[in-house]
Amino acid sequence: MKNFLLLAIMLFPHLTWANVISETGERQPVNIQAIIMFVLFVGFTLYITYWASKKTRSRTDYYTAGGRITGFQNGMAIAGDFMSAASFLGISALVYTSGYDGLIYSIGFLIGWPIILFLIAERLRNLGRYTFADVASYRLQQRPIRILSAIGSLFVVALYLIAQMVGAGKLIELLFGLNYHVAVVLVGILMVLYVLFGGMLATTWVQIIKAILLLAGATFMALMVMKIVNFNFNTLFKEAIAVHSRGEAIMSPGGLVSDPISALSLGLALMFGTAGLPHIIMRFFTVSDAKEARKSVFYATGFIGYFYILTFIIGFGAILLVSPNPSFKDTTGALIGGTNMAAVHLASAVGGNLFLGFISAVAFATILAVVAGLTLAGASAVSHDLYANAIKSGKANERDELRVSKITVVILGFIAIGLGILFENQNIAFMVGLAFSIAASCNFPIILLSMYWHKLTTRGALVGGWLGLITAVVLMILGPTIWVSILGHEKPIYPYEYPALFSMIIAFIGSWLFSITDNSQQGMQEREQFRIQFIRSQTGLGIAQGKTH
């Protein structure tokens, strides 16, 4: 069970730790400290869920914690939702193996946050209530836009959940000795408990606690590494170059992507996909007003940026302290557990078994924080967008909507467990890439254009959104990851790893073309309503949810 925690840290919601599933290694010895910390963490978070359940009485409480989260708290929770085990272990592993390239990768994740800060956060909060579909459908036709938005959200949520569950099961099995199926079921049960009873309030505090633990653990590791080199970066880099097999090449870029098109596609997916992730967007509705939403992004960007700096130091520290140490290698000379275990081995090197146990607990917290946010986002898409607004046309009562949401949480739990078991032996890196690509190709264009382009109509949004979604899925299937590696064909039809460059362009062109050619009465009315939406987005007048709700 202790090893269960350690695995969590490697759980990989982002593309970075794709190859963890394919890597094999020896299981770690039993760590009693990790077992104790695991039990303490689960007990504490279940108590938080019980406390949150007493305060969660309405639909607003369940979806958005009543809008009572402060900007600082929300910024910390967003960071907890975004700083995945992949970010910690995956990027650290990239730095460990490739050096400078790992930093380039982390910048791709980080750069999306200023986009959210300057383009989206304020207007999103002023226009929406529970989901981003509230914003996209503000002046457009409710039913078709909400269906598209919900399906796009569910695609992203499902792919992320698969990544989380498979990653959790594999790593728990590797590190803790737990049976894979047992590990997946355990994560699924805890995920359902947090969201089912505690809603957004419990999810928020689990994410905040996880962020604090992860930042504290990473800070300690980075400080210990810098202490060894007398807090001199030149010494760190020189000694890392001296022991790394690639030598000075680790200080140069160029090893992560095979061609400029793939690099650009990946960059676009990481940059703009962040602004279309439903579980991230949903967090902006937990604060009282646009001012707090801006603060949320400001604090989140600071925490996340600081964290990525730490991962860079941790990666080079692993080169220095882990790679030359035979105790972290198996009989073949490979790193035990694969390169994604570099940061975990570094925890043992700088802090012994006690700190290794702490990092194991943080790993488990990382899994639960991310899957809880994903589950709530998926449940709200079904209950609020599909049931309450698309099916019931906005006439569903609050009690029925909450019932549907909680039923959806349980169903998502079963689906997550089932998919985790089904995809046990599958390389799931492409799922994470597809999740970002779908978010960038379907959700992001609809959100951006609906808020900023007065000529957007329902017809344009639907055509552009569906084209972006379908193109992203089709190109990923025809690409080398699925078409060649999984389906066994000799050559891919689409030669690049990621589709975002093309699917995003198609989505924007489709939205533009079918909007400017829309001369219907409905289209003209939607253009006229943009001014009302613009005033609301800038001032928050008529805002429907917050502390006073």
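A Cβ is built for glycine as well, from the same backbone N, Cα and C atoms used for every other residue.
Database features (Swiss-Prot):
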TRANSMEM  32-54  transmembrane segment
TRANSMEM  75-97  transmembrane segment
TRANSMEM  102-124  transmembrane segment
TRANSMEM  145-167  transmembrane segment
TRANSMEM  211-233  transmembrane segment
TRANSMEM  263-285  transmembrane segment
TRANSMEM  298-320  transmembrane segment
TRANSMEM  361-383  transmembrane segment
TRANSMEM  404-423  transmembrane segment
TRANSMEM  428-450  transmembrane segment
TRANSMEM  462-484  transmembrane segment
TRANSMEM  494-516  transmembrane segment
The transmembrane segment (102-124) versus listed stretches 211-233, 263-285, 298-320, 462-484: most Cβ pairs under 8 Å: 263-285
Stretch among 75-97, 145-167, 263-285, 404-423, 494-516 sharing the most Cβ pairs under 8 Å with the transmembrane segment (211-233): 75-97
Same-chain residue ranges lying at least 6 outside the transmembrane segment (263-285) that approach it to Cβ under 8 Å: 15, 63-64, 67, 74, 77-78, 81-82, 108-109, 111-113, 115-116, 119-121, 124-125, 128-132, 152-153, 156-157, 160, 200, 204, 256-257, 293, 296, 373-374, 376-378, 380-381, 433, 435-440, 442-444, 447-448, 496-502, 504, 545
Cβ-Cβ under 8 Å with the transmembrane segment (462-484): same-chain residues at least 6 beyond its ends: 144-145, 148-149, 151-152, 155, 427, 429-430, 433-434, 437-438, 440-442, 445-446, 449, 490-500, 502-504, 506-514
Beyond the flanks of the transmembrane segment (494-516) by 6 or more, those residues with Cβ under 8 Å of it: 257-259, 261-262, 264-266, 268-269, 272-273, 433, 436-437, 440-442, 444-446, 449, 453, 455-457, 459-461, 463-465, 467-468, 471-472, 475-476, 478-481, 483, 523
Ranked first among 75-97, 145-167, 361-383, 428-450 for CB pairs under 8 angstroms with the transmembrane segment (32-54): 361-383
Any contact, the transmembrane segment (361-383) to the transmembrane segment (145-167), with at least 3 Cβ pairs under 8 A: yes
